[in-house]
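Listed features, source Swiss-Prot:
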- Asn189: N-linked glycosylation site (CARBOHYD)
- Asn299: N-linked glycosylation site (CARBOHYD)
- Asn553: N-linked glycosylation site (CARBOHYD)
- 1-30: region 'Disordered' (REGION)
- 39-59: transmembrane segment (TRANSMEM)
- 75-95: transmembrane segment (TRANSMEM)
- 105-125: transmembrane segment (TRANSMEM)
- 138-158: transmembrane segment (TRANSMEM)
- 167-187: transmembrane segment (TRANSMEM)
- 194-214: transmembrane segment (TRANSMEM)
- 233-253: transmembrane segment (TRANSMEM)
- 305-325: transmembrane segment (TRANSMEM)
- 368-388: transmembrane segment (TRANSMEM)
- 401-421: transmembrane segment (TRANSMEM)
- 433-453: transmembrane segment (TRANSMEM)
- 509-529: transmembrane segment (TRANSMEM)
Amino acid sequence: MPQPDKMAAVNNAMPQPAPEKSLSSDPQPESSKKSARFWLIFVAIALTTFLAALDTSIISTALPTITADLGSESLYVWIIDAYLLASTATIPIFAQAANIYGRRSLTLIAVCIFTLGSGLCGGAHNTAMMVGGRAVQGIGGGGILTMSEIVVCDMVSIRERGMYAGIIGGVWAIAAVVAPVMGGAFAQNISWRWIFYINLPIAGVSLVALGLFLKLARPPSGTVKEQMSRIDWGGSVLLIGSVTSIVLALSWGGSEHPWSGWQTIVPLVIGLLALVAFFAYQGAPWLREPTMPLRLFGNRTSSTLLVISFIHSLLLYWVCYFLPVYFQAVKEASPTRSAVMLFPIACTSAPAGVAAGITITKTGKYRVWHFTGFVLMSIACGLFTLLDAQSSTGRWVGFQILFGVGTGTVFTSTLPPILASLPDSDVATATGAWTFIRNFGSIWGVAIPAAVFNNQVNHAAPKISDSTVKSLLVDGGAYEHATQHFIKSLSPNPELKTQVIQVYLEGLKVVWQVSLAFCLLGFILCFFVRSLTLRDELNTEFGLKEEKPNSKNMSSEEGVVRE
């Protein structure tokens, strides 16, 4: 960020994005050997990212056990949504605060909040304590996701960020897929409380490592009053209110209330209007430091890539939430087995992302990975429409491999060009916007296919001869009953079982067809991304700094001064 004494002038002038220069003969940067301290920090960041990603879905397979133990069957959805809501709403707030209070402070605070929330969840004796703990966890998790990306961006040049983003993305992908397996294993073999307690020692080790080694620059930020005046309070309130209202609507739609009911439509409309008001407020001339400055969307490359990131995240959650419906309702897999059957995505997206990142670092070219990723995801989503009860293991594994490679390459290749199209002073806000939009996309990546699926099931349900079973599946019931137990309970009546499975297949086919449309939209948007030069010099006021033994001078290789 600009120096504080120049902040007002810089913001009033609304700094222009970096020129979108065409990439011609972009030489390979000289290799920069990283210190042991750099790698200790990076490993600690990767560990905390793993924990934050783990807790987005680790309770999915253990939720029945948790709700039965706490007696919270009617409020089970809040155990999931409290984390999602809190993490999404606080991401841009952490990004803005990082410019005011420094990266190190906000990173440590995020890990501490997450650890506190984990302890509260593990020790919960009632639903209120569990939901509250999950909300605290979500605040910390959102902070961890934001700060991990920002800190990495401050430690390496834009040219190198693809490689490190690929590693972080790989960690995220692995955590998201193994989480349901871990959750089920803890709930069945030890105790569901260890789903949360396991975070404490790992977070503790990361906290110590970050506290000892994460020494970053922090420009003077003035008095406490001056710091508080820089916070975008109005924008924060609008954003939190908007996200809360939208998450409520999407959580209720198709489950507790019909999508056409006022209980769903009213909060959704209010949330979307509040989101529009938030962006309008971000352009207010009196606003000193917006939470999400409109200049982030001021050039074709950054604005297009933010939309692409939204679509990519939407598709990732789309597939990871609805392939298990196929595995459990059609293949009759258990929840834990279903989670294992998703491993091909994690096992391919992680190495594909790292490979794409390394290639971007060496060549400076990233557009090819956007096209490659969306082509592979389009092929995969098209092939998913062919899955049926007789599909072999090779089919659903092979289709997932295509999707995994595609999603891994797109994840790694979006943030570096966004940052390349903007000034270095916008690293924190741009990274926060990118992370927020990805999280926001994940919310819609569950809601849209759920609405499509439920609508198609309602159309196909008349084919079911048993009126009782039919009533269980319509109006959102099909997703709830997409379980091994329910399908096996129909085995005494093979004809009825076949009818039910066929209804599920018809619903899923339309889900995959609509996902293909989003894949094609993402592919088309790739043409609007320009080839920019990825800067190979590190120019930041918050960078990492190595101390030389017996010297007050600091090495200029990795940053500025200590925070």
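Backbone N, Cα and C define each Cβ position, glycine as well.
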Positions whose Cβ lies under 8 angstroms from the transmembrane segment (233-253), at least six residues beyond its ends: 77, 81, 84-85, 88-90, 92-93, 259, 263-268, 270-272, 274-275, 277-278, 281-282, 287, 290-292, 440, 443-444, 446-447, 450-451
Most crowded position, judged by CB atoms within 10 A, among Asn189, Asn299 as glycosylation sites: Asn299
Cβ-Cβ under 8 Å with the transmembrane segment (509-529): same-chain residues at least 6 beyond its ends: 300-301, 304-305, 307-308, 311-312, 314-315, 318-319, 322, 367, 370-371, 374-375, 377-378, 381-382, 384-385, 410, 417, 448-449, 452-453, 456
Alpha-carbon spacing, Asn299 (N-linked glycosylation site) to Asn189 (N-linked glycosylation site), which is rounded to whole Å: 53
Same-chain residues near the transmembrane segment (105-125), Cβ under 8 Å, at least 6 residues beyond its ends: 48, 51-52, 55, 70, 94, 97-98, 132-144, 146-148, 151, 193-197, 199-200, 203-204, 206-207, 210-211, 214, 218, 563
Residue numbers, six or more beyond the limits of the transmembrane segment (39-59), whose CB comes under 8 Å of its CB atoms: 66, 79-80, 83-84, 87, 110-111, 114, 118, 137, 140-142, 144-145, 148, 151-152, 155, 164, 167-168, 171-172, 174-176, 178-180, 182-183, 195, 199, 202-203, 205-206, 209-210, 213-214, 544
Assigned element (helix, strand, coil) containing Asn189 (N-linked glycosylation site), judged by DSSP: helix
